[in-house]
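According to TrEMBL, the protein carries these features:
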ACT_SITE  Ser365  active site, schiff-base intermediate with substrate
MOD_RES   Ser365  pyruvic acid (Ser)
TOPO_DOM  1-47  topological domain 'Mitochondrial matrix'
TOPO_DOM  67-396  topological domain 'Mitochondrial intermembrane'
Amino acid sequence: MAALVRGVFIARLTRTGKSSFLQHSGFGVRRSHQRLFSKGFLGLQARVRPLPLLIATGGGYFGYNQYGQYKDRQLEKLGIEVQPRIANEFQVSIYKSIPTRLLSRAWGRLNQVDLPTWLRKPVFRLYIWTFGVNMKEAAIEDLQHYRNLGEFFRRKLKPQVRPVCNSHCVISPADGKILHFGRVKNCEVEQVKGVTYSLETFLGPHNWTENLTANRSLDEDDPGTYQDALVTKEGNELFHCVVYLAPGDYHCFHSPTDWRVAHRRHFPGSLMSVNPGVARWIKELFCHNERVVLSGEWTHGFFSLTAVGATNVGSIRIYFDKELRTNNPRYNKGTFNDFSYVTNNRQEGVSMRKGEHLGEFNLGSTIVLLFEAPRDFTFNLKAGQKIHFGEPLGTM
């Protein structure tokens with residue numbers, strides 16, 4: 001009987017062969033793991049994609065710098081003055097390599113996707129909680145009324161919650177935070193304290209209207225000449241004010257005064273973040289980003305309002321300008337597009353009343369005001385303060 005059992009076992013072992021035995025032995029297991037590791041490594045190499053890798057690398061580097069900015073802000077709260085950490089050209093190039101324009105277009109399409117009714121309240125409540133949105137100010141408080149994120153971002157306010165100040169000549173065009181304000185000096189404008197950008201780079205050549213350069217000779221070696229050419233009346237100076245709109249702020253912007261818009265200049269460009277931390281880090285940030293410059297005149301001379309795009313804010317809309325298209329997939333670096341509102345049918349341009357709806361962003365961004373005014377014009381502001389649309393900026 002024992003001999004019979006041994007014979008059956010030997011026969012089965014012969015049929016399965018050595019390969020089956022080795023597969024269950026230690027040697028077989030090691031060879032199997034080696035093959036799996038080799039295939040896994042090759043598969044990993046095949047799955048590596050440059051776009052996600054670029055986003056991860058650039059995003060990580062950006063986050064590291066943001067952490068440094070956060071530590072600086074904490075020191076400033078303790079009364080310790082910290083010099084801004086200005087990014088060098090290599091650091092700016094790394095940040096600009098992130099495909100923010102592509103991501104912003106994708107975000108814009110996502111904003112237009114209608115949400116199921118049952119999902120609207122949870123999604124919008126999460127956004128409200130994250131960014132501190134005050135829905136009591138909204139004209140329509142019912143969250144289910146907003147079909148998608150885009151409609152929620154562009155929600156209207158109750159008229160009585162933003163009264164327009166009539167006793168001051170210039171009001172805030174939007175809800176937001178005052179990043180900086182003051183006089184323009186040596187053709188340089190401060191985006192935040194200690195970090196500047198070139199007025200000429202920001203606005204481009206001053207050939208949009210003839211009267212700005214009338215009776216003036218231009219000297220390219222004199223940095224003050226460009227600034228002086230914008231000042232059209234004796235005794236006036238050039239002033240600026242920067243308002244940052246956070247994601248939780250009211251996203252529409254309004255006319256800051258009574259003025260005539262004569263020209264639009266659209267600069268395609270990057271869509272880097274414009275939050276105060278990045279504004280302290282990247283010099284001439286507003287000159288890198290896509291922007292729409294509206295220029296014209298008010299009672300004291302030159303006046304301009306510039307809407308600056310940002311990450312996820314590639315869409316800048318001007319209500320009276322149906323031809324404007326921002327965040328186009330293709331553009332030539334360093335170019336700009338001009339459009340004149342002065343036509344045979346509308347020789348005065350576009351007249352705007354103080355407080356009138358002017359345009360909107362799809363998410364938070366920045367408004368830059370540049371205007372000439374008498375030398376006794378004084379801002380009634382503090383850097384970093386919160387401000388609402390309709391509140392006064394300064395007095396004369």
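Every residue, even glycine, has its Cβ placed from backbone N, Cα and C.
Fair warning: this is a prediction, and the values are worked out from it, not measured in the lab.
Counting every protein chain shown, the number of other Cβ atoms lying within 10 Å of the Cβ of Ser365 (active site, schiff-base intermediate with substrate) is 33. Looking just at the topological domain 'Mitochondrial matrix' (1-47), the mean pLDDT is 44.
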